[in-house]
Amino acid sequence: MSINGNRKRIIEEDDEDENEHSNNNNNVNNQRRRLDMQPTQSSGSTPAPASQNYITVPPAKVYMEGSIVRVKLTNFVTYTELEFVPGPRLNVIIGPNGSGKSSIICALALGLGGGPALLGRAKQVSHFIKHGEDHAIIEIELYVQTGNIVIQRLIRKDNSSEYRVNRSKVTANDLHELIRKHKIQVDNLCQFLPQDKVVSFAAMTPTELLQETEKAIGLHDLYENHMKLIEERKNVLQKQTQFSGHEGILEDLKKQNESLEKEVERFKQRKEYLQKVDLFQKKRLWVLVDIAQNEVNEATQARNEIDGRVKALEKEKAPLQKAGDVLKGNIEKLDHESTKHSTDVKKTEQETQRKSAAIEKYNDQIDSFHNELDNIQKRADERLAKIALARQNQQNLTENINNLPNEDVTRAKIEEKNKTLREINVQQGQIRSDISNAKNYLETLNMELRQVNGGLDALSNINAIKLESLRRNAKSVFDAYQNIKMRLKDRFNKTFVVSILLYLPDVNTNWGRDYQIDNLQQYGVECFLDQTFEADKLIKDVLVSTIPLQNIAAGTKASIGKEEELHRKTGIQGFFTPVRSYNYSQSRYGDKNTITRITALKDAKLLSQGEKNNLNRKKQEIEGRLTEAKSAHSKLQDQEQEINRQVKMIHTERQELQSLLDERKKLYSKLHHLNRQIEDMSVEENTDQMKADIKKKIQNAHLHRVNNIREVTNFLLQIGMSMSQRDLVTLKRSKAEAKYRVECAALENLIRQINDLKINLKTAIDQFNVAKKKLQGATEVAEREAPFDDYADMFEGMPDDIEEIDDEIESYNEKARQIGNTDPKVMQDYENRQKEIQTLTNKIGNHKAALEESQARMEELKSEWLIPVREFIADINEKFTQFFKEIRCMGEVLLGYNEKDPDNFEQYSIDIRVRFRDEDPMQSLTAHLQSGGERSVATMLFLISLQGLTNCPFRAVDEINQGMDPKNERMIFDQIVKSANKPGRPQYFLITPKLLHDLEYSKNTTVLCVYTGPWHVNQSEWDKMLKKCIEAKSKSK
């Protein structure tokens, strides 16, 4: 393995600085990531072209079905564009923290259909899109013997995804089915362990670990059979409970029925007597039918006799009705004739009244015409008087108009005032704008002054400020300070000021400098860090013993850009500029290259100085500007008041001029109106013609009045004649009416006799209907309760007399009463329980057979599942124990279960037991008993022990070596190399930020290095350079 270049440079900045750089387009190249594959295998493989012609692909025969042969990322997290080919065995992905190693693992999980929850990093898949881009693309090529599969996932900003397999769009479910088909489980921590899920693996319960291991091994349907056993056990327990419950219920039902047998016998005897009563009651129903039939026959005979008498009287009624109708017709004719004469009289009287009203109307018209002749002359005199008055008012208005000032002169003066106002308004607007600006400036200065005063108030208690900063940034030191202060106060009843020092056993009190300041000043260095603050000598000694402050230079802005030259020429190992710190060290690996660590400086938190002086200077500056601003604001207000006075005066003068124009307009309007009145009144009326017309109207009214008087006289004569004829008709009607009354009396007597007979007939019919209805009812009841054909044989020998039947009924009822009352519910309960007993007997038989079948099926599944589980746990335990012996520790993997209830398959588990020290007992691996490094060692050895058993195409583990000591880390790496590079083993991805030196590698190990830094070339230049190197190497061979 080799690393390009002679030096490696790392930039470490906090999250805010990284976000700031990622948002800055000018620094995109500085944040560019590049991944370079450098396989250690030098022979035994044939290069195969990939998407980039400088990438070599091992031959297909060394890949397992479903292994990853190519990965391409676009706009994913920190990668703009990336494409690489992993090896078929162990792939070690190495790079500094923050370089994008774990992003590759995230891409594998998401690209194979996983969700963000699997990774524990982000809640939404859109968070994996590179900043500033609107989408990301993950492309993964899987090895398949019949032809490789290319899976592509497009991620959009709205959290939607689009999946494609070999360029054809598919659904998420289709992709998951394809992944399952190739035994890929990105959600199984035993196969796929991202960086943020390492803790989740250690936190898994033993039961969960067993189930995840079953999934990872994927043989003999272990996990599916385990789940079936758990479900089958639940079914067996449920059926056993049901079986036991049904047997108890059956025994209780049998005991209850045995206690009721005597009561049931008495019930049956009494039931027999009551059946006899019921039979006689049914016979009684048919006897009542016979009685009802006799009553119907008698009612029919009475009805027929009355009906004959009614028909005879109806024949006598017809002649009487005919004679009465003739008389009635004559009377109606006389009434009609009398009514006609009365109508004629009434109509003539109405016409007479109408003509009389017309005569009165013409009398009123004649009087009105005479009054109108008198008014014509009077109106002519009044018109002449109004014309004279209007002419006098016309002369007065003309004189008033002439007395007003000239209109053009007045308008010129108003326009002059308006022009002056417009000029003043411009000045007034400018002054108001200046006043508003001055006011806003005053408010800004006052707000700045309040902020400065607030800052001074906050700095008034510097000790409290420092304590609060200490509490936020060093909670443990703050708690120690409070504890010591409280103890001193409790002991001496007095408050002390306590200084806190971190105790160090070896304090260097005779320290000196390795560099002279004179040699550093040309690079912008003014002093060393120990000279930038004041403190007691003891404190400085402690600080220098911890960090060599006396040899760390403090530079100014002039030192920026001279960092490399300063280190190269002076050999200084550490110095500060105003924005960054620089620390130089030598790598322990490879060629012992120099490593430069650059850290962005943050604001001071505990030892800030000079803030109060800055605030006081700022306060004096603000107060001076505030005094000047108030003076300028006062002058502007005085100018505004003077302009407002001028504007008010001009408005008053302009209003007076405008009132003169308004007065002239008003007088002209009145004069115009008066001229029109005079013109209208000057038109004279033609009085002679008017008088002649009125006299003609009087003559016509007299003529109409005389004609109406003649017509009234004729109407009065007609009224007299019509009244005489009406009286004669009235006499004839009286004689005809007397004769009609006699005929009607005879007819009414006959009708009364007929009606009486009809009433009797109706009564007879009603009695017949009642008897018939009674017969029908009795027959329906008898047929319903005791159909005659069904009971005819039973009725033989029984009495037909109703009284004898009633005696028999009473006799059998008495016998039933002597037996006593029995509860029908007892018999019903007895019979119902008999049915339940039979039903339960059948059900118990069925349940017993089903229970035996379930138990047999569970035992069969148990054999199929438990034997392979014990075998693979024994294999894991053998390897796990051997691995722990090699690190001089003890470890074992056991199958845990409930010995008292071995069929409780939910409690089966994997118990990982470890002992890292001789004095400790064997303890189960948990998230609480062992340290982080110990858990990492045990986790990795467990995963390595699984390596030969699992049936999966690849496995990925991210930064599992964090927290391990060098010895265990070396051992773990050796075991991974041995296990992962054996033939037939799945592909392996190991992510780590570091590797120990002098590690042993197999020839099948592929190392993928992730580089980052501002001086690296971009991807396209790197590709060209690498291609040239490969071509040159090929030519040299």
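Note that Cβ sites are derived from N, Cα and C of the backbone, with glycine treated the same way.
Because TrEMBL annotations are produced automatically, they should be read as predictions rather than curated entries.
Record note: among 131-158, 187-214, 719-746, 747-774, 747-774 is the stretch given as coiled coil by TrEMBL. For the coiled coil (220-316), the partner stretch with the most Cβ pairs below 8 Å, chosen from 345-379, 601-684, 747-774, 802-864, is 802-864. Residues of the same chain lying 6 or more positions beyond the ends of the coiled coil (747-774) and with a Cβ under 8 Å from any Cβ of it are 292, 295-296, 298-300, 302-303, 306-307, 309-310, 313-314, 316-317, 320-321, 324.
For the coiled coil (345-379), the model's pLDDT averages out at 80.
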